[in-house]
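Reviewing the structure listed below.
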Ligand code: GUN
């Protein structure tokens, strides 16, 4: 088991050490709409920031009040606010809002999610100038820390979202893996996955990846988190995979804590750069 809970504590500590001149890094969190999973994620981020001694300011906007111009106006105010080091707009946004337009109104240096077109694009060119998307960044930190070799390995990323699949694929490519991106239209997904030395499961489907998809000894990273009808949490990967994988991230306690640790690191770096 690749323990994201223990590992993330190291990155939280490193983020705390980055603090200079007693300036406490501050993240603005914007939650739009009533998505219950998003509420849980946002509360968790705020809680963990508080525990680490970081500040956050939350802005809750109901679907009824969610007007594009108003949201962009709020973001522009936060862009100019010297107290704010990072701005996070929790995704997905309610239907009818233009996600790209809203995200791209965040100023580059405060894009701690790494979702802006420029920041995502800089992964493709290998510049790594600003923040790297937190979930893929956390997964790379985990793979490096556990000493998992990537060069020349077959990596299959299941999912092509801007949040996980695309940045994850670019990062694995920079680490010299041979990368395949699979998605809902991919044919022969099972055979593709069976060829993976590293499998990143970010399909958003509960327990979709079963042991038949896995090559013996493969490293399996489970990005999903779902609540089952019995109230228990599960990932995109079925429990039986642990018997065949060489390494696996648990749910909860795998990728989730790493994502938040990287958000903290990105916020601390943004504050550090601003004060230099
Ligand atoms: N929704 C799911 N994951 C994320 C994330 O890492 N950041 C934001 N802003 N929204 C998300």
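Cβ atoms are placed via backbone N, Cα and C, with glycine included.
Any TrEMBL annotation is an automated prediction that lacks curation.
For 159, 160, 161, 225, the entry in TrEMBL reads NADP(+) binding site. If you look up TrEMBL, you'll see 4-113 marked as domain 'Tetrahydrofolate dehydrogenase/cyclohydrolase catalytic'. Sequence annotations record features per position, and here TrEMBL assigns domain 'Tetrahydrofolate dehydrogenase/cyclohydrolase NAD(P)-binding' to 133-271.
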Query raised in the report: In sequence order, which residues at least six apart in the same chain have a CB under 8 Å from the CB of residue 225 (NADP(+) binding site)?
Result: 233, 234, 235, 251, 252, 256
Requested in this report: Kindly report the helix/strand/coil residue split of the domain 'Tetrahydrofolate dehydrogenase/cyclohydrolase NAD(P)-binding' (133-271) according to DSSP, in that order.
Outcome: 53 helix, 26 strand, 60 coil
**Report entry** Position of peak Cβ density within 10 Å, selected from the binding-site residues 159, 160, 161
**Finding:** 159
Report summary line: Record-annotated NADP(+) contacts 159, 160, 161, 225; largest Cα to Cα distance in whole Å is 17
Report task. For the domain 'Tetrahydrofolate dehydrogenase/cyclohydrolase catalytic' (4-113), give the DSSP counts of helix residues, strand residues and coil residues. Result -> 54 helix, 18 strand, 38 coil
Query raised in the report: Roughly where does the domain 'Tetrahydrofolate dehydrogenase/cyclohydrolase catalytic' (4-113) sit in mean pLDDT, to the nearest integer?
Result: 96
